[in-house]
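**Student:** Take this structure first; my questions come after.
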Amino acid sequence: MLDIKVIRENLDWSKKKLATRGIKPEELDELVEIDTKRRKDLTMSEQLKAKRNDVSKQIAEKKRNKEDASDAIAEMREVGKEIKKLDKEVDELTEKQNYILLRLPNFPADSDPIGPDDSYNEEVRKWEEPTKFDFKPKAHWDLGTDLGILDWDRASKVSGARFVYYIGAGALLERAVFNFFLDENTKDGYTEIIPPYLVNDASMQGTGQFPKFHEDVYTIVDNDDPDKPRDLTLIPTAEVPLVNYFRNEIIHENKLPINVTAMSPAFRSEAGSAGRDTRGLIRMHEFRKVEMVKICKPDESWDELEKLTHNAEHLLQKLGLPYHVVALSTGDASFTSAKTYDLEVWMPAQDKYREISSCSNCTDFQARRAQIRYRDEDGKLHLAHTLNGSGLAVGRCVAAILENYQNEDGSVTVPDVLVPYMNGMKKITKESGLI
């Protein structure tokens, strides 16, 4: 959530910044108008409360002196009514103000490419050239099906579209990938956490998914009243429980920066994705992802973003997967992010790079919503900065391995770093199948 004081004191700058993220200037004008009225009512209420205290003392004094206090009592009643009216208005205006603030995205960093969509993203660097073959490479969904290690048809029978079964070497490869990621992340100084996969609304609001993105997630409903959702949602990313671990907490400065990592399933409705990536592992309703989260001081967050991005790059490099890093435009960056780097891995069969990680600096945007603060050496409280990044999306990594390490005979060579995680298996060949 943005700081209303920053908007109030820098209205033109705020309009210019948020215009690059699709926010109309009238929305900020309305917000500041509400804020002005709210602060005026709050000041009047505080003045009347001070007056009520004075009148209360006068009444007590008159009663001690056995004097008539009826006029003062009547005045205090009228003051009380006015206070009640003003406080109600303040509450209503606060609710309106928060309604708008909770739906405004983060201010973009000055270094962000300006543009409405991903066509304005800018390549920052590239690692290795795209994989070349002496034969026409197969798509990972064909490889997985032919090898008998991925089964979308039976998953569709059981769960519907955008679900998959991993079988035999496929399941082993998926497990090898996320165990490798977790081991590498812990070597890089991250503490591993196994978080809850169901979170409450306050947590979803803390990281910015609610109230704006209800349609993108799966919420648990009450069996006795299906129209009434319970206060529980399946996590769309481990970022939610990891960041909210620190919600309403005060961290001592000497504990920062904090680095945590987790592997979890991620559940997404993929609202608005009809017709996109209908085959394969790229866009699923349920998938596994390893997440990295950092909590740090404001003056450290930009350096920490570079470290976070390099941590994610390190994983792709050890796997030998070609990729490039792109800086997202103001119109393509996520709601909570001030700056995002996407890592996109090369997919030979698609002949293009596909996102496998997003590394974002959310500055104090999430910390303000979730009240994540730290106490400095002088005892003063400050909002922390939060960062998050995929390290990495597991299913997409499996897809990239299948496509980049495929052989002409349809087998897939296991990347060297994964062989110990695959019980020594160096090549995936056709499975006999369960049925």
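Just so you know, glycine gets a Cβ as well, placed from its N, Cα and C.
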**Student:** For the L-serine site that Swiss-Prot gives with THR237, ALA238, GLU239, SER390, which of GLU184, GLU286, GLU291, GLU300 also belongs there?
**Tutor:** GLU291
**Student:** Sequence order is fine: just name those binding-site residues in THR237, ALA238, GLU291 with a Cα within 10 angstroms of SER269 (ATP binding site).
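**Tutor:** Within 10 Å Cα-Cα: none.
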**Student:** Measure from the CA atom of THR237 (L-serine binding site) to the CA atom of GLU270 (ATP binding site) and give the result in Å, rounded to a whole number.
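**Tutor:** Roughly 13 Å, rounded to the nearest whole number.
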**Student:** Hey, does DSSP put SER390 (L-serine binding site) in a helix, a strand, or just coil?
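**Tutor:** Looking at the DSSP assignment, SER390 (L-serine binding site) belongs to a strand.
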**Student:** Pull out the binding-site residues from the set THR237, ALA238, SER390 whose C-alpha sits within 10 Å of the C-alpha of ARG268 (ATP binding site).
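**Tutor:** THR237, listed in sequence order.
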**Student:** For the recorded L-serine site, whose residues are THR237, ALA238, GLU239, GLU291, SER390, find every other residue on that chain with a C-beta no more than 8 angstroms from the centre of their C-beta atoms, and list them by sequence position.
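**Tutor:** Neighbours found: VAL240, LEU242, ALA262, SER264, ALA266, LYS289, VAL290, MET292, VAL293, ASN388, GLY389.
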**Student:** Starting from the Cβ of THR237 (L-serine binding site), draw a 10 Å sphere and report how many other Cβ atoms land inside it.
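**Tutor:** Counting Cβ neighbours of THR237 (L-serine binding site) within 10 Å gives 23.
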**Student:** Would you kindly give the Cα-Cα distance separating GLU291 (L-serine binding site) and SER357 (ATP binding site), rounded to the nearest Å?
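**Tutor:** Spelling it out, the Cα of SER357 (ATP binding site) and the Cα of GLU291 (L-serine binding site) are 9 Å apart.
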